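**Q** To start, I am sharing the structure in question, which I have written as structure tokens.
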Amino acid sequence: MAVSTIYSTQALNSTHFLTSSPSSSSKQVFFYRRQTNRRFNTIITCAAQQTVVIGLAADSGCGKSTFMRRLTSVFGGAAEPPKGGNPDSNTLISDMTTVICLDDYHSLDRTGRKEKGVTALDPRANDFDLMYEQVKALKSGIAVEKPIYNHVTGLLDAPELIQPPKILVIEGLHPMFDERVRELLDFSIYLDISNEVKFAWKIQRDMAERGHSLESIKASIEARKPDFDAFIDPQKQYADAVIEVLPTQLIPDDNEGKVLRVRLIMKEGVKYFSPVYLFDEGSTISWIPCGRKLTCSYPGIKFNYQPDSYFDNEVSVVEMDGQFDRLDELIYVESHLSNLSTKFYGEVTQQMLKHADFPGSNNGTGLFQTIVGLKIRDLYEQLIANKANAPTEAAKA
Amino acid sequence: MMSATASHGRAVMLPSPSGALQHQQPSIGSDMFRLRRKEPRGLRLIVAAKYKGTKMREEKLSEMIVEKVKEATEVCEADVRSEECKVAWDEVEEVSQARADLRIKLKLLNQDPLESFCQENPETDECRIYED
């Protein structure tokens with residue numbers, strides 16, 4: 001008769017314990033199965049958590065941004081606020097991912113910031129020690145009581161319990177500001193919106209509001225600019241991927257910000273991350289897909305691909321200017337891009353269609369956000385496979 | 001495009017921060033208003049706020065935008081480079097973004113932020129179904 005007993009690792013005398021190694025974040029369970037003729041041990045790694053941490057720097061609010069929705073969608077499942085909790089929570093949870101808004105780490109609430117004379121962009125308004133501790137804890141598989149910053153009342157509400165997820169995304173103004181937090185990130189993204197596009201987007205966002213006018217929108221952007229340039233913008237040098245959004249070059253003097261030129265700047269040499277390329281890796285390509293095989297409506301689509309240098313880092317840049325009008329344009333473009341980390345032909349298109357009503361679905365913003373989502377999935381799977389192999393290899397030794 | 005929510009003639013009851021809006025103390029709201037929630041009439045296509053509490057939040061945010069823009073304009077008249085001016089416009093941005101986020105949630109994602117709360121606390125005032 002086979003008897004299975006489970007012993008805690010401390011009870012065994014073997015010297016091959018990996019849980020004692022500080023680098024391992026997985027708990028291990030040893031199964032002993034005693035059979036009549038022989039005895040053998042099997043070591044099964046029961047990973048408590050292999051949390052992958054992604055940082056996203058964006059100045060467009062938290063957790064409700066379409067980028068996050070696209071990202072979580074790649075992993076499957078819709079991301080929703082925690083059920084039964086504070087309705088003003090900024091957190092989003094899906095099966096695989098939890099998205100935390102870094103505004104929750106404000107050390108000063110709205111009144112406090114007014115008193116001290118600091119904006120939310122200022123590092124003095126944020127508790128980086130707490131941010132570091134909690135991200136570190138979640139990464140190690142420990143749940144945390146995270147504060148909630150209420151954007152409606154401007155107050156810090158009672159904390160909410162966050163369980164360590166498989167993928168943790170920290171989104172906000174300062175994911176890469178603190179060096180210790182930076183080191184915890186497995187991948188980081190910076191969403192770089194140019195001033196002209198920012199202005200156009202904010203007009204679209206605010207003009208319907210009673211309180212706003214062109215002047216107030218402009219004044220708000222300008223007043224925040226010094227702090228933004230001083231504290232937020234420098235983070236882009238640390239990002240593994242930068243999505244740069246600029247006005248189109250296809251329409252002369254376009255200032256509506258509807259047609260966009262989007263550049264995906266990807267750092268070379270990042271572990272588990274292979275940059276997307278067009279046709280021939282490392283070369284310089286200029287590509288207009290519209291022609292005999294594909295008809296596009298005005299202003300069409302233009303792609304560029306080239307190696308480049310960005311803040312002393314070697315990067316590869318894929319750029320799309322223009323917009324998709326039809327499904328077949330999207331599929332055509334997808335079929336010519338390489339290293340997309342898709343699991344099947346047409347996956348990028350499928351993901352874009354899933355969220356066809358989201359802003360940016362017909363241009364480079366949606367396209368590159370989706371691609372970055374697939375890259376993160378790829379990175380996650382590689383990381384997990386790698387961590388799973390390490391203990392079993394060490395056990396064999 | 002969201003139409004401007006003006007409260008012409010309508011008395012809008014804005015809950016205080018320590019009142020019904022905070023999940024921790026829902027009883028303050030329901031103690032004051034012991035009205036029972038009406039049963040919803042059939043299926044309702046959600047394109048706007050479903051619950052009264054959300055509608056109130058929308059209106060509150062819109063009003064805050066008006067207030068804070070006015071404040072910022074005044075403060076900055078003195079010195080456009082002062083800290084007070086920066087902070088005032090930052091508040092405008094914060095509230096504008098919060099307003100936009102709520103709009104996105106309702107229109108694009110069809111999620112009312114009070115959905116989960118109201119499933120558990122249908123009796124509270126802010127969980128009354130909002131009827132246009």
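Cβ coordinates come from backbone N, Cα and C, glycine included.
The compositional bias 'Polar residues' annotation in TrEMBL covers B:19-28. If you look up TrEMBL, you'll see B:C76-B:C85, B:C118-B:C127 marked as disulfide bond. Summarising the annotation, TrEMBL assigns domain 'CP12' to B:61-132. Residues or ranges marked as region 'Disordered' by TrEMBL: B:1-28.
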**Q** Give the distance between the Cα atoms of B:C85 (disulfide bond) and B:C127 (disulfide bond), rounded to the nearest whole Å.
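**A** Cα to Cα, B:C85 (disulfide bond) and B:C127 (disulfide bond) are separated by 38 Å.
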**Q** Which one, from the disulfide-bonded residues B:C76, B:C118, B:C127, has the smallest tally of other C-beta atoms lying within 10 Å of its C-beta?
**A** B:C76
**Q** Select from B:C76, B:C85, B:C118 the disulfide-bonded residues whose C-beta atom falls under 8 Å of at least one C-beta in chain A, and return them in sequence order or as 'none'.
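**A** It is B:C76, B:C85, listed by sequence.
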**Q** Using all protein chains in view, find how many other C-beta atoms are within 10 Å of the C-beta of B:C85 (disulfide bond).
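**A** Other Cβ atoms within 10 Å of B:C85 (disulfide bond): 21.
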**Q** Take the C-alpha atoms of B:C76 (disulfide bond) and B:C118 (disulfide bond) and report the distance between them in angstrom, rounded.
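**A** B:C118 (disulfide bond) has its Cα 42 Å from the Cα of B:C76 (disulfide bond).
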**Q** Any idea what DSSP makes of B:C118 (disulfide bond), helix, strand or coil?
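**A** It is helical.
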**Q** Which whole number is the mean pLDDT over the domain 'CP12' (B:61-132)?
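**A** That region's mean pLDDT is 87.
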**Q** Where does B:C76 (disulfide bond) sit in DSSP terms: helix, strand, or coil?
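**A** Looking at the DSSP assignment, B:C76 (disulfide bond) belongs to a helix.
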**Q** From the DSSP assignment alone, can you count helix, strand and coil residues within the domain 'CP12' (B:61-132)?
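**A** Tallying H, G and I as helix, E and B as strand, the rest coil: 52 helix, 1 strand, 19 coil.
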